[in-house]
Amino acid sequence: MASKRLETLCKSLTREVGRISSQTGRDDYDARRKVADIARELINETTHPSDVAAQYTINMAEMACLRMFQKWKLLDKIPASGSISYEDLSASINADKNLIARMGQMLVATGKLRQTSPSHVAHTRLSTAFAHRSPPAVWFSMSFDETLVPWTQWPRYFAKYGPRQPSGQTAVPMTFAEGADGELTCYEVIARGGPERMADFADGMQGIPELMPAAGIYDFAWVGEAVAEGEVDSDMPLIVDVGGNLGQALLEIIAHTESSIPPDRCVLQDRADVIAAADALDNPVLKKVRKMPVDYHQGQPLKGALIYYVRRCLHGFTDEVSIKLLKHLTAALPADPRARVLICEQITTTPPDPYTTMMDICMMNVGSKERSEDDFTNLVTAAGMKVIKFHRGEGVATHVIECARA
């Protein structure tokens, strides 16, 4: 029986590999994911149960070494072509050469770096993704620091609080792991870590564009068309990005609509410190966007916008806090029947998707969760709105939930 299963998987793998070379863009990502999923099934079928624990330990050691190579910017110092010695790497940060060599050997052993001689290493196709603050690099470092550390404290956390879902803002695994249990919120813990930690968190929360696209799921083209036809008042804000960080999503949306949505009629809202950071960026499009520091938990000061856009915010909040935030947006909607609240989030499915389920376990550290379609429908209804449609991106678990006043 096992042999028959392996034969089937091998045939499927060969078929899907043949499709990769003919795909581009989003289709290429889907094809690669199918190949990886089948390969993972093959590994599961051929791995002896007694080998799993050892493999997990190898993975943990690899991640620890990779994080330190990132932290010390050693990956940035490895040339794009050619190699570098452990001696030169260690000298660049005044480190113990043997320490750097031992960590590097772990990355060589798992295929993340390539050994060109016993004392030299070079990049591989995969390691370059973790250098120079690329989106995957920032995502990994943020995930390691802000989620893996609390996960390691789960046994102690649940021993104290019992086998119940974490809730609230201060008595959660993340604050527990930081020694701030019952004293600080998660954001206060991150802020306490200083500007570098805050920047890593802000950048990391934007995620990896391939997995969490801001554009291409919901069609914003109608907004630009309405402007061109003079169908909206000239003083009406078009898109208000609530909790929009440094404007990454707005920039993606504007670019995707070929700039038919005027940037000066878009608004970026976030905490004052984040808005100050966005103001300092040298981006000609972002400079035209109106920036507004707000506490969106206390209310929505800008009324009457055509679209209020909330991306990757609600999954960090409890149902109670999310409903309160959405009620503020409901109250801000104009009478225009086209006015919308758009919620961009991952949505849980049955059977579970690995990526979304991972995000749900991450959110457990801060006392929140990822949600199903029914969960979002309940939130939206409680906030005085109705769901018009769930828009799903091809090959990703990210949705845009289109909402209007009930």
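Just so it is clear, glycine is given a Cβ too, placed from its N, Cα and C backbone atoms.
Computed from a predicted structure; not experimentally measured.
Going by Swiss-Prot, these are the annotated features:
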- ASP270, ARG312: S-adenosyl-L-methionine binding site (BINDING)
- HIS315: active site, proton acceptor (ACT_SITE)
TODO: Count the other Cβ atoms sitting within 10 Å of the Cβ of the residue listed as 'active site, proton acceptor', across every protein chain shown.
DONE: 20
- [ ] For ARG312 (S-adenosyl-L-methionine binding site), just count the other CB atoms lying within 10 A of its CB, please.
- [x] 21
- [ ] Indicate whether ASP270 (S-adenosyl-L-methionine binding site) is helix, strand or coil by DSSP.
- [x] strand
Open item on the list: Let's check the environment of ASP270 (S-adenosyl-L-methionine binding site): how many other CB atoms sit within 10 Å of its CB?
Closed with: 25
Open item on the list: Rounded to a whole angstrom, what is the C-alpha distance between ASP270 (S-adenosyl-L-methionine binding site) and the residue listed as 'active site, proton acceptor'?
Closed with: 16
